[in-house]
Structure formats: structure tokens, C-alpha cells
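TrEMBL annotations:
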DOMAIN    1-91  domain 'Neurotransmitter-gated ion-channel ligand-binding'
TRANSMEM  93-116  transmembrane segment
DOMAIN    99-276  domain 'Neurotransmitter-gated ion-channel transmembrane'
TRANSMEM  128-146  transmembrane segment
TRANSMEM  158-177  transmembrane segment
REGION    228-247  region 'Disordered'
Amino acid sequence: MWTPPASYKSSCTMDVTFFPFDRQNCSMKFGSWTYDGTMVDLTLVDAYVDRKDFFDNGEWEILNATGQRGSRRDGIYSYPYVTYSFILKRLPLFYTLFLIIPCLGLSFLTVLVFYLPSDEGEKLSLSTSVLVSLTVFLLVIEEIIPSSSKVIPLIGEYLLFIMIFVTFSIIVTVFVINVHHRSSATYHPMAPWVKSLFLQRLPRLLCMRGHTDRYQYPDIELRSPELKRGMKRGQQKSAGGGRGGLKEDENQAWIALLEKATHSVHYISRHIRKEHFIRE
């Protein structure tokens, strides 16, 4: 029996939700539109498609290819047809190496922006470079994936979320650099709610020592009234034993006050050096 060769082209709707790890089910239906089953009858010889002449493809792999016979009735007439279903799997190695891994690497670079010191101007440059790179990858994916509004690939949603996150990090970086480089010439009074939020509440939530807690000495403040009363009583008393104990407390108070003054002077000198560095 002679079988005439033929090449058929068909198209099917693609579900690219899990691109590039997606699977597609494409079907080809053969039948007659004008002749019913009494004139043209189709018989399915084999339920499985013969793939001995199939050449391996570098992008797709056929997992299953089966055929099935059916019939469509239109009034008293029956129209037979044969449907072949092909389950295709996309080979993801190429997209994993040149698309997914670079996108993940760029995502981790976004987090490293917050580890750079505020004195470095590369914080803003790094964030901008990451945003531009993610935009390029998003355009590449748009060219590869068929345009459809029914489903959005997860990798596209991921890139869009990362781009929003990078944009937010750029805004935060600009704010941080602005605050860091403020000096006496560009000084603006801090609002009370900003002081309460960043100097009191947030340090407690993050288990950090507040900016004001570093230069508070509760022990000295609690003991100061007692020392003052003791010094007043010591001036009225002439007994040697009691006077010696109060003298020791007075010396400890002076030592604590000197330590507090030393810390304050160190803080002022560090602030002056910082102002001098910014002006230079």
C-alpha cells in the first residue's frame, strides 16, 4: 500500500505558567467536514504514534503521543474523526543556565546594597545597575514567551516583584545617603515623631541600644540625691567614722561624674571630626 507523504502544521494554546519547566498538550484532529461516515470512514490503525522517523529536538521532548478515534453526530449523519495528542516537555537546561541563575544572582546583589557603608557612593550605582539588568532580563523573557493575557509566567511575576523591591531599595538608599551627609550647613530640625520612632521604639524592637541610652547613667542619677543628703549631713557631723564613709561615697560620685564627662567629650570630638571630614 502506498502512503502519500504529507506535512501538516498546527498551532495550540500554550500554558506558560511554569516556564521554562512547563509541559504542553497539543492535539491534531483529522476528519471530513463535507462527507459523513457512509462516504468517508476513518480507522485508527495504532493507538500510539510511530516515532521512528522523529528527530530529537534541542528544545522540546515528546513524552507521549497517542491517537484516538471519535465521531461527531449532526442530525442523522455521523462524521468520524481521529485525534492525535502530543504531550511535549520543554528542556529547561538552557534557560536555567542563562536566565534563571543570573536572575537569582542579581536578586542577592540587591540585599548586599545594605551592607555597603554609607560613605560609599557605589550604593546607588549598584542598585541602579541591578534594576537595569533585571529590566533587560524581563525584555528577553517577553521575546521568548508567547504573548498572552490569560496566564502570566511565574518567572515574570518574580522579576516584577524584584524590580519593585530594587526600586524601593533605591529610594531607601537615597534617603540614607542624604541623612548621612547632612552637616551644620544642611541641618534640618528632626520631628518629634521621628525621634520617638528611630531613637526609642525601633532600637527596642531590634534589640539594640538606643542612641540616648549610651550616655545615660541611671546609677549615678539614682544615687545623686542620697549623696547630696549625705554630704549635707556630713557637714553637720563631726564624728570621724561617719565622715570617712561619706568621704568615700563622695569620691565615688566624683569618679562617676568624671567618667560621664569623658564619654561626653569623646562623643563631641567624634562628631566634630565627622563634620570636618564631610566639609573636606
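Note: Cβ is positioned from N, Cα and C throughout, glycine not excepted.
Just so you know, TrEMBL annotations never went through curation; they're auto-generated.
The structure displayed is predicted, hence computed values, not measured ones.
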Residue numbers, six or more beyond the limits of the transmembrane segment (93-116), whose CB comes under 8 Å of its CB atoms: 19-20, 58-59, 122-123, 126-127, 130, 133-134, 137, 140-141, 155, 158-159, 162, 165-166, 169, 173
What DSSP reports for the domain 'Neurotransmitter-gated ion-channel ligand-binding' (1-91) is 0 helix, 39 strand, 52 coil
Reported mean pLDDT - the domain 'Neurotransmitter-gated ion-channel ligand-binding' (1-91): 85
